[in-house]
Amino acid sequence: MSSDGASHNEFDFEFLGNRTGEPYLVQSNLYINGVGNREQRMDLWFDPTADFHAYSILWNPRQVVFLVDDTPIRVFSNQEHRGIVFPRDQPMGIYSSIWNADDWATEGGRVKTDWSHAPFVATFRGLRIDGCEWASTAEGPAEVQRCSASAWGKEGRYWWKEKEMEALSVHQSHQLIWARANHLVYDYCSDPARCLWQWTVCILTASVPSQFTEPTECDGGHNRLRIAKVKLLDSILKRLEKLVKPRASSAPGKSSGEQSVAISQRM
């Protein structure tokens, strides 16, 4: 899925090459306002060349979910309140292509495409698209309001904007944990060679300290990352100290237990 322009949004399912007999890898990626570099790779619990399987993307104002045969393998939640960008307000189309990426896709580019196997064919069936159809003749802001803000369309209420679609169910959460524990082989969040500002977005659950948000703060080096972890830990500990201080003198009418719950909720 992708919108148009340099500042486009994009959600990708990509099948990477493999050595004969080795597992196939599926890579997911997100571009937000033209910036990607959010790759995750998984091997699958089946041979994707042996039969058809369902590869789905759910996108609503609360989350982007990648699913394989209805099993969630990746979730990108809306954390705009924490200063993390989220894809919104751009009409997206569905695209499919076969392209040569042997400079990086298979074992870091060590395995090249064997062109003797051409032609290469991708076959699809059962394509289904549910969404708010963007009227190309309408004014942009009006369409943003209609498709982004409204939960209703010509056919009725949008199912993907129902309350239960705002987050994974308990069962889906367990599926996600299983898939990532058993099949995740690469995550940009845990790659020490990636920029520090990306690592910060992955780790923080509180507001991102400004000194860690600029790309100039990172050089991809292990030493810089280690120093940043120490600084970040110190920053978090100082915040926790401020939150915990009121517990020393509990407010009238509140037990220490009640105050502890309040702190936990705030964190």
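Using the three backbone atoms N, Cα and C, a Cβ is placed for every residue, glycine included.
All TrEMBL annotations are machine predictions without curation.
Straight from TrEMBL, the features:
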type     : residues : note
DOMAIN   : 1-124    : domain 'GH16'
REGION   : 247-267  : region 'Disordered'
COMPBIAS : 252-267  : compositional bias 'Polar residues'
| query | Can you tell me the mean pLDDT for the domain 'GH16' (1-124)? | reply | 89
| query | What is the three-state DSSP composition of the domain 'GH16' (1-124), stated as helix, strand and coil residue counts? | reply | 9 helix, 40 strand, 75 coil
